[in-house]
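Colleague: I'd like to ask some things about the structure below.
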C-alpha cells in the first residue's frame, strides 16, 4: 500500500507541479519597507488548484502573500505596471531613433 501511495504522490507532483506554490493564507497588512523592495508580483486567482485570491510579492528569494484588496498593495501594483510600461516604451523609442539615424547616415 505504501508503494502505491508513493507512486500516486509522484504522479500528482509530475502532473501538477504548481500545486504547492499556492498561497494558503494572506496578510492584510504589509509594511511600506517591504513594498519598496518588491522586485515583481504575481496575481493568484481563486480557482483551480489555488483556492485563495492573493497577490504574491517577490523580493530577493522571499515571497509574501497579501490581500489583493489592500490599498497600499493596489497602489504599489499600479506604480510598478506604470514604471514597466514607461521603460519599455522608452527603450523602443530610443532603438527606433537609432535605426532611423543609421539609415540616414547610409544614404
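Along the chain as shown, residues are numbered 1 onward.
In case you wondered, yes, glycine gets a Cβ from its N, Cα and C as well.
On a predicted model such as this, the values are computed, not experimentally measured, just so you know.
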Colleague: If you look at how TrEMBL annotates this chain, which of 60-83, 84-107 comes out as region 'Disordered'?
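Modeller: In TrEMBL, residues 84-107 carry the label region 'Disordered'.
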Colleague: Using DSSP, how many residues in the domain 'Chemokine interleukin-8-like' (19-80) fall into helix, strand and coil?
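Modeller: Split by secondary structure, the domain 'Chemokine interleukin-8-like' (19-80) comes out as 17 helix, 19 strand, 26 coil.
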